[in-house]
Amino acid sequence: MATDDSNAAGFGEVSRVRGIAFEYLSLGASVAGLVALGVLLVYVAIDAFDLANASPEWLLTYFLTLVVPFLLFCLYSAGDPAVTRRVAGVLGGGLVVVAAAFAAIEAFVVTIPRLSWQLAYLFVVVAPTTAYLAYVGSRGRVGAVGFGLLGRLVGGVAIGLAVGTLFLVFDELVWFLAYTLGVLPAAALYAYGSRRAANRAVTAAIPVGLVGLVAAVFLRGVVGTYPSDLIIYLWTLAVPIAAVGAFLVDARGSRVGAAVVGGVPLALATAGGFLAGSVGLPGPTTLIVIALTGVPTAVYVHRVIDGGDGVVGLGLPLLIGGGVLVGALVVEAWGVPAPDPWLDPGYVTEAPSRTAAEAGLYPAIVGSVIIIALVAVLSFVLGVGTSVFLEEYTAGSGVVGSLTRLLQINIANLAAIPSVVYGLLGLGLFANLLGFGYGTAVTASLTLSLLILPITIISAQEAIRSVPDDLRRGSDAMGATRWQTTKNVVLPEAFPGILTGTILALGRAIGETAPLIMIGAATTVFSAPTSLFSRFSAMPMQIYAWAGFPQADFRYGVVAAGVITLLIILVGMNGTAILLRNRAERGN
Amino acid sequence: MSNTSSNTTGDESLITTDVETGSNGRTASSERTAVAARDLNVFYGDEQAIDDVSIEIPEKRVTALIGPSGCGKSTFLRCINRMNDMIEVCRVEGDVEFGGKNVYDPDVDPVALRRKIGMVFQKPNPFPKSIRDNVAYGLKIQGFDGDVDERVEESLKGAALWDEVKDQLDSSGLDLSGGQQQRLCIARAIAPDPEVILMDEPTSALDPVAASKIEDLIDDLAEEYTVIIVTHNMQQAARISDRTAVFLTGGRLVEYDDTAKIFEDPEEQRVEDYITGKFG
Ligand SMILES: Nc1ncnc2c1ncn2[C@@H]1O[C@H](COP(=O)(O)OP(=O)(O)OP(=O)(O)O)[C@@H](O)[C@H]1O
Ligand SMILES: [Mg+2]
């Protein structure tokens with residue numbers, strides 16, 4: 001009836017006030033939370049690296065030798081004048097704004113503790129800009145190559161160190177036998193079988209491997225003489241890694257390249273392993289680190305050079321290494337005061353001490369790494385197993401169906417139980433009843449695995465459920481058994497999602513203290529655990545203990561360094577898992 | 001056969017197609033039976049989806065199943081390779097014979113049965129794997145001991161896809177176009193060399209060009225395989241099939257005969273109405 005009127009007045013107005021209010025309120029809330037966290041991390045970082053005592057000259061030196069070249073590298077990779085202009089504007093404008101704001105606050109409001117305007121500029125402007133540019137740069141070919149190489153270097157070192165750490169508690173002699181008798185024959189059979197399309201060889205691989213593993217455990221006590229540790233590591237780890245690298249390059253059709261990619265890192269690792277002892281480094285760990293870093297790096301470099309695209313990017317690690325070196329030389333020559341960080345090599349390689357200056361986190365780091373490795377394996381295996389069973393195998397009706405539903409509801413409830421209760425369960429079940437001991441790595445790992453199991457199961461179920469039914473039906477119609485469909489179609493499809501859930505759950509496990517206190521884990525131990533049943537500590541426990549010390553140096557510097565170490569390990573772990581996941585997704 | 005009516009109609013062709021019906025010239029009588037149903041009834045809970053169907057489907061011929069939506073064509077197809085077992089509320093009574101054996105006998109392993117019967121679905125559903133792995137999937141799960149690469153090539157040639165993908169066997173099956181994906185699914189189905197291929201509206205998600213490629217392909221497949229195809233496209237049924245079974249609502253098979261006969265001179269008025277689009 002009123003069509004003419006409303007047309008005359010446009011279409012009228014519909015109120016959006018509530019939506020807009022909601023939008024800004026939620027935005028405000030999240031920004032406030034992030035800013036609070038950011039400020040905390042800034043102060044923790046300042047304490048851990050003693051940045052409050054860094055002279056402006058020191059900051060300027062490293063800004064010029066390290067940050068600026070890195071930014072230029074990213075800009076070069078992005079190759080976009082608009083980005084360059086924007087970044088120059090932000091860096092320049094930010095300098096003025098931050099300096100002015102800082103001065104104004106200091107003059108009129110309060111003095112800001114342990115922060116200079118240079119540091120504020122660094123954290124507020126330079127750090128976010130660098131992160132943004134790293135992201136933009138990594139999308140260019142040159143940047144992608146640079147970061148790919150850097151990632152392999154850092155990742156190789158990290159994984160190498162983790163493997164070396166695990167061998168502190170696992171018996172390398174059993175591993176030697178298991179590898180020689182089980183893993184190697186099984187892998188050889190499998191490789192032969194898939195090359196020649198001989199299915200029987202492939203099928204035989206698993207039983208052969210299992211028999212070898214069992215034999216290894218039995219023969220451990222029987223066999224009397226073993227090669228030295230170094231030879232064992234060389235034979236069971238470095239040689240196979242080099243072989244895989246060489247194989248990958250060979251598959252790309254380069255014989256010479258394969259020999260170089262496999263041989264050079266292997267030779268370096270061997271040399272490093274044998275020479276490490278003379279400079280006081282553990283030989284076997286050095287060997288693994290060099291092998292695990294060298295081979296992937298060599299494979300990657302070969303691929304990039306072979307492709308011929310973005311080769312310049314390979315210079316990024318040199319740029320960064322050179323920047324640090326030049327910075328150190330300049331600071332040395334200039335004689336400006338440098339900060340004395342709490343988080344230094346001594347901190348991560350030495351035991352706790354009565355004095356703050358000598359305090360180290362090494363035993364706790366080892367404890368945490370071992371626990372996390374065990375928890376990751378346990379919760380992944382159990383979580384995936386349970387979720388596959390719940391999603392793919394159980395019937396929807398009948399007694400089994402009702403039982404499944406009951407189980408399902410309880411798993412959801414278990415996820416909501418406070419972690420202290422899990423601690424109590426671990427204490428009663430694993431420490432007392434099963435006799436795994438108070439505060440041992442086994443008890444802790446089992447307890448933490450139970451704690452995160454519900455989260456792993458639920459997220460894995462979600463991932464499995466999101467695999468389209470079309471694919472399952474397609475596989476079933478080919479005459480696949482339920483197991484074959486699960487293994488070949490469902491799990492590969494669900495893998496990225498499963499991994500995401502496991503990452504989140506592990507992040508929770510690594511930071512838990514309450515259950516560890518309940519099972520009697522020590523807050524401080526002075527030597528790294530030597531077996532799964534020795535007393536151990538974990539990083540959050542040690543940090544918590546230090547936070548209660550009367551000396552301010554402990555409560556600020558040492559604790560801050562611990563927090564940063566914990567965060568670095570966590571981010572590293574998650575980063576690795578995310579890379580793995582992205583690979584799996586791209587593999588599709 | 002259940003065409004019992006005496007209602008005859010004129011002898012003019014009911015639909016016009018460019019291709020003459022039964023174009024492949026395979027004679028549609030006096031062959032061996034590949035699949036037969038006897039007094040087949042299928043229920044979903046209380047609802048009956050197939051009502052007392054008996055049919056004999058000849059070997060190495062294309063048999064089309066047509067009928068309005070919801071009349072039980074897909075259900076019937078799924079009875080042949082026992083994919084209905086996956087549906088919990090589904091209950092099957094009567095016999096489905098394949099190779100002279102009732103597939104619903106207790107000693108029949110449905111998984112083993114499905115290895116002899118390939119299936120192609122309405123929506124292309126290649127696995128998120130490489131083209132090679134997609135085609136080799138059936139070989140892999142069946143523990144095939146021969147030359148996999150050779151079989152992959154043969155199957156892709158058989159599915160008229162080889163020339164388009166031979167240089168990209170390692171790229172993902174999902175990177176192909178819809179029509180190529182469907183041919184990949186056909187290659188996947190024929191790779192383990194089944195005896196029967198079931199197709200449930202294999203071209204309904206494709207454009208006419210891709211669909212006609214698949215139609216040509218089905219024609220070739222019938223040289224070696226028994227093809228049973230569900231389609232909503234009358235012209236398609238007329239073009240490619242030797243025999244046509246018409247299902248009508250309620251899951252009843254109302255007429256089953258040579259395709260030419262069904263399209264030119266059906267016994268039943270209802271079938272004629274359905275084919276000419278008067279209902280359904
Ligand atoms: N999974 C199922 N659960 C319950 N009922 C079903 C199921 N699948 C099919 N039905 C019922 O069975 C009857 C036949 O379905 P069917 O899918 O076989 O028909 P159709 O002839 O293939 O139809 P269309 O041409 O639409 O694909 C329908 O009434 C449908 O509601
Ligand atoms: Mg259907």
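Residue numbers in this text run from 1 along the chain shown.
Using the three backbone atoms N, Cα and C, a Cβ is placed for every residue, glycine included.
Feature annotations, reproduced from TrEMBL:
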TRANSMEM  A:24-46  transmembrane segment
TRANSMEM  A:90-112  transmembrane segment
TRANSMEM  A:118-137  transmembrane segment
TRANSMEM  A:149-167  transmembrane segment
TRANSMEM  A:173-192  transmembrane segment
TRANSMEM  A:230-249  transmembrane segment
TRANSMEM  A:256-275  transmembrane segment
TRANSMEM  A:281-301  transmembrane segment
TRANSMEM  A:313-336  transmembrane segment
DOMAIN    A:365-577  domain 'ABC transmembrane type-1'
TRANSMEM  A:411-430  transmembrane segment
TRANSMEM  A:516-536  transmembrane segment
TRANSMEM  A:556-580  transmembrane segment
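With respect to Cβ pairs under 8 Å, the transmembrane segment (A:230-249) is most closely packed against A:256-275, considering the stretches A:90-112, A:256-275, A:281-301, A:313-336. It is A:149-167 that, among the stretches A:90-112, A:118-137, A:149-167, A:256-275, A:281-301, forms the most Cβ pairs under 8 Å with the transmembrane segment (A:313-336).
Within the same chain, residues 120-121, 124-126, 129 sit at least 6 positions outside the transmembrane segment (A:90-112) and bring their C-beta atoms closer than 8 Å to a C-beta of that stretch. Below 8 angstroms of C-beta separation, residues 148-149, 152-153, 155-157, 159-161, 163-164, 167, 172, 229-230, 232-234, 237-238, 241-242, 244-245, 248-249, 260-262, 264-266, 268-270, 272-274, 314 of the same chain, each at least six residues beyond the ends of the transmembrane segment (A:281-301), sit close to that stretch.
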